[in-house]
Amino acid sequence: MPNRRFADGEMVMGRWPGSVLYYEVQVTSYDDVSHLYTVKYKDGTELALKESDIRTQSSFKHRKSQSSSSSPSRRSSSRSRSRSPGRPAKGRRRSASQSREHKEDKKKAIQETNLALLKPSENNTRRYNGEPESTERNDTSCIILEQKSKPDLEIERVLEQYSLRPRKEEKKKEEIYSEKKIFETIKTIEKVSPKTKELEFGGRIGTFMLIFFLPATVLYLLLMCKQDDPSLMNFPPPLPALESLWETRLFGVFLLWFFLQALFYLLPIGKVVEGLPLSNGRRLQYRINGFYAFVLTAAAIGTLLYFQFELHYLYDHFMQFAVSAAVFSLALSIYLYIRSLKAPEEDLAPGGNSGYVVYDFFTGHELNPRIGSFDLKYFCELRPGLIGWVVINLAMLLAEMKIHNQSMPSLAMVLVNSFQLLYVVDALWNEEAILTTMDITHDGFGFMLAFGDLVWVPFVYSLQAFYLVGHPTAISWPVAAAITILNSIGYYIFRSANSQKNNFRRNPADPKLAYLKFIPTATGKGLLVTGWWGFVRHPNYLGDIIMALAWSLPCGFNHILPYFYVIYFICLLVHREARDEHHCKQKYGLAWERYCQRVPYRIFPYIY
């Protein structure tokens with residue numbers, strides 16, 4: 001194993017990928033497997049560089065002293081011999097000296113210009129945000145800043161100022177230092193996936209415990225809802241016999257449901273779009289037909305009801321269906337991990353490549369596992385669990401009517417079904433937006449997402465409807481109207497915030513988004529500081545929490561059990577928010593710190 005040349009914490013000069021320029025960086029770590037140094041630039045950007053792209057600071061100082069110690073008279077005399085002998089010697093020496101100074105000025109200007117293109121200064125941020133510009137920093141970076149709004153005019157002005165003309169080499173530099181090229185270069189550098197160093201969820205021990213704790217939590221919640229008095233004082237609930245939790249026929253019904261949704265996914269209907277660039281620059285293709293699958297499922301369920309199929313059968317065997325889904329998700333997770341062992345390094349998930357079996361099994365080792373064009377993670381994210389959630393809610397509504405001999409469902413049950421139906425339809429209608437979420441772009445597909453998509457979403461998110469079957473709650477129309485307004489506010493914040501983010505990510509130059517201000521970053525992306533994203537850092541989470549509260553309020557206040565979803569959702573989103581904060585700070589560096597100063601509140605305005 002070759003010895004490393006540079007130590008952690010050492011200040012060196014690192015070459016910026018795709019260029020010939022070196023900048024002062026600090027070595028933060030070294031990977032013995034890939035033999036890459038992780039270095040940190042002054043703006044906070046972290047990249048992995050080869051040893052050949054790193055030099056000591058003394059080597060640059062030595063070159064500078066060598067250049068200044070060379071004899072200027074010797075250089076001028078050598079040039080004078082190639083000039084016309086008719087000119088006076090004095091004039092020739094003066095011309096040579098002026099030419100050297102002019103060339104050095106031009107070289108310095110080019111370097112300053114390239115640096116400004118590469119790293120927008122804090123002054124640039126103020127100009128983007130419409131704040132007054134400091135007069136103390138009136139340098140070339142200001143010119144490059146204005147290039148954002150008038151690129152052709154400002155490039156021409158810089159070329160005129162320094163007597164530069166568009167040549168083949170200069171055009172190549174402009175292409176390299178454009179923001180798009182920088183972003184692609186960074187993605188190429190990340191092609192070699194380093195080992196995951198920062199472990200989440202309590203590391204190996206925490207993820208091992210979660211593998212057992214999550215199924216136990218689902219079992220506990222469902223057993224408590226079946227009790228006449230689902231109070232916390234009645235813990236633990238009486239456990240059923242193990243043989244009563246499993247029924248092979250119900251497992252077959254679950255498989256039939258899963259493969260029916262897979263069939264709908266494979267139908268050649270709906271548009272095909274490309275996802276965000278992967279670490280190797282590729283873009284995977286996805287067919288957007290989730291809403292069509294929902295319509296076809298609704299037609300199938302309607303047909304079953306027309307032929308007198310008793311859908312409330314789901315309520316009578318709810319526990320067995322949950323166990324069947326858990327067993328299937330575990331089997332799927334084992335398959336996913338085994339196949340990920342043969343996946344190329346570039347296909348592994350950034351957060352699931354720790355080298356620890358249990359941790360990678362839980363978080364997901366492979367980023368986008370596919371069977372041909374069938375994307376397993378993308379399919380499970382919206383189809384079987386999310387659509388199944390609506391079907392379960394409908395089954396609970398029918399079970400309430402049958403058990404309590406009602407001709408109409410209760411107002412509380414109607415509100416819960418309506419609110420959650422809106423949420424699911426919105427997700428399927430805006431299916432393309434999920435391609436920009438961390439679940440797709442960052443998280444691998446392992447037990448965490450498999451169990452979450454196939455078990456937690458359909459069987460825990462339907463907890464309010466399941467609770468109301470055994471514990472009916474009467475609410476008045478004014479109270480129902482107030483709850484509906486609360487849900488509408490949460491939905492409006494959730495949808496408008498997500499739309500702003502998704503549209504800006506896909507096309508920042510869209511004229512419809514011209515009113516949005518943002519902070520530029522070294523990756524080429526921008527951080528929104530207006531609209532909902534200038535109000536709090538995660539407005540979509542704020543909308544989620546408000547809606548979760550509106551879903552639980554129709555269940556009344558007799559027991560805390562229906563509010564488990566609200567408590568869970570707050571804990572989940574706070575965890576996600578902390579993870580997002582850490583991820584963005586590493587990715588955007590100083591730009592993220594400026595964003596946090598501009599938008600101080602995370603989820604709850606004036607509180608958190």
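Every residue, even glycine, has its Cβ placed from backbone N, Cα and C.
TrEMBL: automatically predicted annotations, no manual curation.
TrEMBL lists 66-75 with the feature compositional bias 'Low complexity'. Look at TrEMBL and you will find 76-95 tagged as compositional bias 'Basic residues'. Among the features that TrEMBL reports, compositional bias 'Basic and acidic residues' is placed at 99-110, 124-139. TrEMBL lists 4-62 with the feature domain 'Tudor'. The feature region 'Disordered' is assigned by TrEMBL to 55-140. Residues or ranges marked as transmembrane segment in TrEMBL: 201-223, 250-269, 290-309, 321-338, 449-469, 475-494, 515-536, 556-575.
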Inset, instruction - Report yes or no: does the transmembrane segment (449-469) come within contact of the transmembrane segment (290-309), defined as 3 or more CB pairs under 8 Å with a sequence separation of 6 or more? - result: no
Inset, instruction - Residue list, the transmembrane segment (250-269) vs rest of chain: Cβ under 8 Å, 6 or more residues beyond ends. - result: 287, 289, 292-293, 296-297, 300, 317, 320-321, 324-325, 327-328, 374, 379, 383-384, 387-388, 454
Legend entry - Stretch-level contact, the transmembrane segment (321-338) and the transmembrane segment (556-575), CB cutoff 8 A, at least 3 pairs: no
Legend entry - Whole-number mean of pLDDT values that fall within the domain 'Tudor' (4-62): 81
Legend entry - Distal contacts, the transmembrane segment (556-575) - CB-CB under 8 A, six or more residues away: 221, 224-225, 230-232, 412, 460-461, 463-464, 467, 471, 473, 475, 538, 541, 544-545, 548-549, 603
Legend entry - Same-chain residues near the transmembrane segment (290-309), Cβ under 8 Å, at least 6 residues beyond its ends: 260-261, 264-265, 267, 269-270, 382-383, 387, 390-391, 394, 424-425, 427-429, 431
Inset, instruction - With DSSP as the yardstick, break the domain 'Tudor' (4-62) down into helix, strand and coil residue counts. - result: 9 helix, 27 strand, 23 coil
